[in-house]
Every structure is written in structure tokens, then in C-alpha cells.
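See below for the structure under consideration.
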Amino acid sequence: MSGEVDATGSVGARGALGATAGGAAGSAVAAGVDADAVAGAGTGAAAGGVEDGSGREGPSVGGGSAFWRYWAALTISHAGDAVTAVALPLIALRGLHATSLQVSLITAAQYTAWILIGLPAGVIVQRLPLRGTQVAMDVVRAIAIASVPIAWVLDVLGLWQLVVVAFVVGLASVVFDVGNSTLLPSIVSREELTSRNSLTSGSAAATQLGGPSLAGVLVQLCGAASGLLVDAISYLLSAVLLRTLPRPARQTPSDGGPSLRARMAEGLRYVRRHPAIRPCVAAVTAVNFVCGALMALVPALLVRTLHAPTALVGVLIATEGFGSLIGAALTTRLVARFGSARTLIGAALLTPVAVGCVPFAGHGLGLLVFAAANAAFGAAVVVMSIVTRTHRQTVTPPELLPRVMATVRFVSWGAIPFGALTAGLAATWLGNRGALGTMFGVALLTPVVLGTSPIRRMRDLV
């Protein structure tokens with residue numbers, strides 16, 4: 001139940017070092033709720049088109065082979081993230097005997113990167129070659145993740161290294177995810193955005209379904225550190241696939257253009273003044289605060305409070321991916337039948353219900369309560385992610401898209417480390433169940449914010 005709304009991600013693959021989509025052990029609401037896990041905005045042409053191998057600008061390739069290579073890269077990376085979502089907390093809890101507060105430090109370290117460079121990231125990405133930047137960030141993350149099993153084998157692994165690795169991976173993920181926001185629209189048409197976003201979110205959810213279960217088996221048989229090698233390899237495979245994509249046309253600002261601060265301020269103003277994006281960001285921020293708490297608390301809840309076997313921990317976390325997969329599959333139909341605004345509010349109402357059930361999970365058959373709540377949370381998060389992501393991609397001017405996406409992630413994902421640290425401190429005084437119970441009140445803010453905004457009178461956000 002830790003998937004951030006990317007703000008969408010989904011709840012399963014977002015372990016402390018998870019990427020876009022996000023799980024109860026620590027993606028996608030992105031993805032924490034900021035539903036842009038693999039976002040973009042506008043048509044390929046609007047986004048600048050692509051360049052062929054000679055550097056000439058070419059037409060968008062639509063739903064052709066470029067998209068499928070893009071999709072494969074993300075799916076492979078998400079699969080590795082799903083393994084890490086289980087393996088990393090287990091290394092901290094069982095290998096290093098970490099407390100809930102110490103696990104929360106790992107989660108907070110990764111998402112602190114969004115606070116440090118979240119806003120300027122959108123402007124920075126515009127000034128760099130997009131494809132090369134994405135490949136470089138994958139390689140950086142692979143090296144960082146691989147350092148953990150190496151240190152484990154050498155018997156020098158400490159909690160400090162897990163915190164540093166989480167921070168480095170977080171910095172690279174900030175740049176990578178913001179870059180992804182403009183990469184997808186350069187290879188698909190405007191009309192395909194919703195279906196392609198649903199497909200990428202759905203595949204991320206599928207990896208969250210199988211990845212944690214695989215992780216549980218790997219950890220049981222080979223140890224948690226060895227499982228992290230799977231994630232490192234997945235980043236390298238993703239880099240290879242992304243390297244084969246057409247080069248998006250660069251839109252480097254002229255020397256006489258606005259300053260970095262002015263461009264950042266422009267993105268903030270657009271988000272603040274937009275009548276639909278503003279409340280969506282507020283709601284997503286509340287969900288991501290809860291996501292941070294869940295990332296920090298759920299591993300300790302399953303391992304130490306509920307005494308779940310290692311292999312079963314992965315299966316329980318995978319239920320979030322099951323819910324996310326259902327949510328991704330149903331989003332297009334729900335939007336067509338009820339409208340995007342009503343679908344968003346419905347998903348927001350489900351969020352506190354799911355969170356409120358988690359503290360009541362028990363031993364044995366009582367674990368089914370956790371599984372059901374985790375799946376429901378995953379479904380709600382991924383629906384919110386797809387709806388809000390597609391809305392931003394549709395209404396945001398192409399030239400503002402990277403800055404708007406960076407602004408949304410800065411605000412919404414910035415809540416994740418605070419949620420993790422708050423939960424870790426609360427667990428010290430109230431225990432894991434008590435700390436989880438306090439998150440129900442925060443989750444209630446999600447439907448309240450949307451229900452008191454202009455969105456409550458809308459059928460569709462656009």
C-alpha cells in the first residue's frame with residue numbers, strides 16, 4: 001500500500017527504492033499520487049517530434065515499434081523495482097535489525113530528492129539531450145543498487161549505505177521521471193495518450209503482481225541482497241532499450257529566454273491558477289503523505305507485528321499490484337461511463353476506506369484483511385494516477401509541460417518523506433497499528449479536497 005500517486009504509480013512497486021509506479025512495502029499515487037508516472041502532454045508534434053539518426057526532426061511514430069521499446073524498458077525496470085520493494089526493507093529489518101523509524105529514514109532519503117531538485121528538474125531536462133539523460137540515469141541507478149549486494153558479500157553493509165543509496169537513486173529518478181513526462185508524447189499521438197498511459201500503468205501493475213511474489217521466493221532462497229541484483233540488471237536492460245529510441249527534438253531555450261527561476265515560477269503559477277489541476281495536486285499530496293507512511297510501516301507490520309513468513313510477505317505486497325492491474329484495466333471504461341471527474345472522486349473516496357482497514361489486519365486468516373485493503377488501495381491509486389496524469393497532459397501547453405510536471409511532483413512527492421518520518425516517529429510511541437490508524441485521518445483529506453473544489457460539479461476534467 002505504498003504506491004505513490006505519480007503520482008501514479010501504483011501501490012506495489014514502490015519500495016524504498018521503487019520507481020514509477022510504487023507498493024505497500026515501499027511507485028505510481030506514480031507513482032505516490034502525482035499521477036504522471038510515464039506522463040507526457042500533447043501530441044508528438046506538440047512535444048517537439050523526434051529526430052531520426054541523422055539528427056533531422058521527423059514525425060511522431062505513434063503506436064509503432066518505438067512505443068513498444070519504450071514500454072518494454074519501463075516494464076523491465078518496474079519488475080526490478082517490485083523485487084527491490086520487498087528485498088530492501090527485508091535487508092534493513094532482518095539483516096540489519098532496523099527499527100520502523102530507521103526504515104522510514106530509507107524511504108525519506110529517496111524522496112527528499114524531489115524536495116531538493118524537483119522544481120528545477122523540469123528546466124534542467126529541457127536543456128539536456130533527453131534520450132541520453134534517460135539512459136545515464138538508468139546506469140546511475142543500476143550502479144547504486146548493485147553496491148548493496150556487493151557490500152553485503154563483503155560484510156560491510158550498514159544502514160547508512162542504504163540511506164545513501166536511496167538518496168542517489170532518488171536524485172536519478174527525479175531527472176528520469178521528469179524526462180519521461182515529455183518522452184511519451186513524442187512517440188504517440190494525442191488521441192493515444194489515455195490508452196497508452198493505461199497500458200503502461202497496467203503493465204507496471206502486472207509487475208507489481210508478480211514481482212513481489214518473485215522477490216519473496218528469491219529472498220527465501222538466495223537472501224535479500226541477492227534479490228537487489230535483479231533490479232540493477234533491470235535498469236541496465238532499460239538503458240539499452242531506451243538507447244534505441246528516436247531522439248526527441250531538443251527545445252533548448254534561447255540565451256535571451258527567461259531565467260531558471262522565472263521558468264520554475266511559471267510552472268508554479270500555472271498549477272496554482274488552474275481550477276482543476278490545483279485541487280488534484282492537493283488531493284494527490286495527501287495520498288502521497290499516506291503512501292510515505294505506508295512504505296515505512298507496512299514492512300515492519302508484516303514482519304514484526306503479523307509475523308508473516310518471508311515468502312508470504314511478497315505475496316501480500318503483490319495484492320496491491322493485483323488491485324492496480326484491475327484499476328488500470330477499468331479506468332478507460334469508468335471514464336467513458338461516468339466521466340473523468342466523477343471517476344476521480346470515486347477513487348478518492350475508496351482511498352481512506354482502504355487505509356482505515358489496514359490496522360485491523362491480523363494473524364492467519366486476518367491477513368486477508370490486509371490483502372483486500374492493499375488491493376483496494378492499489379486500484380484507487382492507479383485510477384487517480386491515470387485520470388490526473390491524462391488531464392495534465394491534455395490541458396498543459398507543450399512548452400510548459402516539463403515545468404508543470406516537475407512542479408506537481410515537487411509538491412506531491414515532497415510529502416512522501418514527511419509521511420515516512422511522521423509514521424516512523426508515530427510508530428515509536430503508538431506502535432505500528434496505532435501509527436497506521438492516524439493515517440486514516442490524512443487519507444480522508446483526499447475526497448474532502450476534491451469534494452469542496454469545482455471538480456465536484458464536473459463530469460469531465462477536460
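Heads up, the Cβ atoms here are built off N, Cα and C, so glycines get one too.
Automated prediction, rather than curation, is the source of TrEMBL annotations.
Quantities reported herein were computed from a predicted structural model and do not represent experimental measurements.
Per TrEMBL, the feature transmembrane segment maps to 70-91, 111-130, 142-175, 217-242, 280-302, 308-331, 343-361, 367-387, 408-430, 436-455.
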*Please figure out which one of 142-175, 217-242, 280-302, 408-430 racks up the most CB pairs under 8 Å against the transmembrane segment (343-361).*
280-302
*Most CB pairs under 8 Å with the transmembrane segment (367-387): which of 142-175, 280-302, 308-331, 408-430?*
308-331
*Are there at least 3 C-beta pairs under 8 angstroms linking the transmembrane segment (142-175) and the transmembrane segment (70-91), leaving out pairs fewer than 6 apart in sequence?*
yes
*For the transmembrane segment (408-430) and the transmembrane segment (111-130), check the count of CB pairs under 8 Å (sequence separation 6 or more) and say whether it reaches 3 or more.*
yes
*Apart from its near flanks, which chain residues at least 6 from the ends of the transmembrane segment (436-455) lie with a Cβ under 8 angstroms of it?*
275-276, 278-280, 282-283, 286-287, 289-290, 293-294, 297, 301, 341, 344-345, 348-349, 351-352, 355-356, 358-359, 419, 423, 426, 430, 461
*the transmembrane segment (217-242): which same-chain residues, six or more beyond its ends, come within Cβ distance under 8 Å?*
17, 69-70, 72-74, 76-77, 79-81, 83-84, 86-88, 90-91, 94-95, 131, 134-135, 138-139, 141-143, 145-146, 148-149, 152-153, 157, 310-311, 314
